[in-house]
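Participant: Here's a structure for you.
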Amino acid sequence: MNDYKDIWIFAEQRNGKLMNVAIEILGEARKLADKKGVNVGAVLIGHNVENLSKDLISFGADIVYVVDNPLLSNYTTEGYAKAISELAKEYKPEVILYGATFIGRDLAPRIASRLMTGLTADCTGLDIDENGLLLQTRPAFGGNLMATIKCPDKRPQMSTVRPGVMKRAIRDDTRDGKVIKFDADINESDIRTKILSIVKEAKNVVNLEEADIIVSGGRGIGGPDGFNIIKELADVLGGVVGASRATVDAGWITSDHQVGQTGKTVRPKLYIACGISGAIQHLAGMSNSGTIVAINKNPDAPIFKVADYGIVGDLFKVIPVLIEEIKKLK
Amino acid sequence: MNILVLIKQVPDTNEVRIDPITKTLIREGVPSIINPDDKNALEEAIRIREKVGGKVTVISMGPTQAEVALREALAMGADEAYLLTDRAFAGADTYATAKALSKAIEKFQYDIVFCGRQAIDGDTAQVGPQIAEQLNIPQVTYVRKVEIEGDKLIVERALEDGYEVIEVKTPVLLTAIKELNVPRYPSIKGIFNAYNKKEVKILTADDLEVDKNELGLKGSPTKVVATSTPNTERAGEIFTGNIKEAVQNLVERLNSRHVI
């Protein structure tokens, strides 16, 4: 157990571009490593991606472990799982963090099972306890409960971390670090899935996680047409449209707009919740926003408890006046 | 095709309430349901059997009450049902859950192991991949479409901004998302058969070839050390009454915070 040290992150890249969540967990890993006085390792897997090492070092990595192989040019569960498992057996990290993306959530449990260690999913908080163990906090039961979890007897301690929750690391191009190239002995027979194609879907790309202003609609907007006025307010503010689970489940809007425990976690500077009652499952996705405004006709709606400002009133009457007043300002 | 479908009985989290003092779940009066993603897995398994023949076997691990979920699965059209229930499984994290389920799966002939992507009580999405690793079979998670071509599957796996088309040979483990299909309602005849003609067979830890220290709380690498209710309250300033004044007050506050 004492052979295990350093805090690693899985530096997920797609098409040679680092995922935002990789920079977020790198920032978090840096904090944890400084608390323990150990190094931060970043694991970079792919083909012809070594150029990203420089970025990872600037964002806080001390060591970048590169596994480069043409068989790894696209993500496959088994190829990546072998690369990281072999690296972990060789270099023995104490902690490995992964972004909880559709890839991270496919990969991390496969590795945890192979390394016979624990894994905590979708963490929203990480810390080190008095004995140096990783404290992993995550929502459970639809965000109704927060659980803090430890992995005392197995190594590495592993977590996936929700995108959008941790703050991005700050870039410092003067930082130094080293790059270790590792041959994980990946063979074609290791990978039993064959990717025939990767298709990008041309939906209106809703980038909730990076928006500065989000205007969200809930059940109170009454129907799919209710999103017209939400969109109008978002446009005036230069923001994007979010939605509660109820509206997505009802088919009023597509799920890429969904904010909450089962949707996206967001932390915009301004979040305006319109006709959203404030179920815990929704709050779990937006309560870290800078300023929260609630517009709801029910004065007892729980959303007012998490809001900095609230207007009790019919959103169809309030929002047009709000749009008018904002236009005056601009 | 022999298809094993893994289902979990879960409390409907839309109805879950937390006791503010003990910080534990109030389970009384909360309806139990088949986990939604698992229902999509079951529906797809039944559709595959309808197309190419074979058998659909459902397995659930849980307390004896989980029999209700298995009966519902039989009513939807599953051929056989097994309940994995034993005190030795209690307190299992995802690793120990996957261990018990893989040991149970090894007792069956299978081409596909089909699970839901994740359960709404834990939201971890870990048990499927952990089982695939234990069984040493490939996995495809977040499955939104399946086509069968002999012993090959052509599967669409959802990504954040699109999807991948993946070819894989059986045996394979798949995890379903809700975009995969719309689960059917059980027919009256299906319900009758589920309660009168079919049975839910019980498996206990003794039926599995596994060291009991690898099961339940003992076999779990992760331990829950604390639970709490999220504290998200802010001292809000709430405007009521005249809408125009309320809006002007709000805009003034937002402007002074430089957020608009």
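Every residue, even glycine, has its Cβ placed from backbone N, Cα and C.
Here TrEMBL flags A:R219, A:244-245, A:258-262, A:275-282, A:N296 as FAD binding site.
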Participant: Looking at the binding-site residues A:Q258, A:Q261, which one has the fewest other Cβ atoms within 10 Å of its own Cβ?
Facilitator: A:Q258
Participant: Would you mind listing, in sequence order, any of the binding-site residues A:R219, A:Q261, A:H282 that have a CB less than 8 A from a CB of chain B?
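Facilitator: It is A:Q261, listed by sequence.
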Participant: Where does A:Q258 (FAD binding site) sit in DSSP terms: helix, strand, or coil?
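Facilitator: The three-state answer is strand.
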Participant: Let's check the environment of A:A279 (FAD binding site): how many other CB atoms sit within 10 Å of its CB?
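Facilitator: Its Cβ has 22 other Cβ atoms within 10 Å.
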Participant: Identify which of the binding-site residues A:R219, A:H282 has its Cβ surrounded by the largest number of other Cβ atoms within 10 Å, counting every protein chain shown.
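Facilitator: Highest number of other Cβ atoms within 10 Å: A:H282.
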Participant: What number of additional C-beta atoms lies within 10 angstroms of the C-beta atom of A:I276 (FAD binding site)?
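Facilitator: Summing over all protein chains shown, A:I276 (FAD binding site) has 32 other Cβ atoms within 10 Å.
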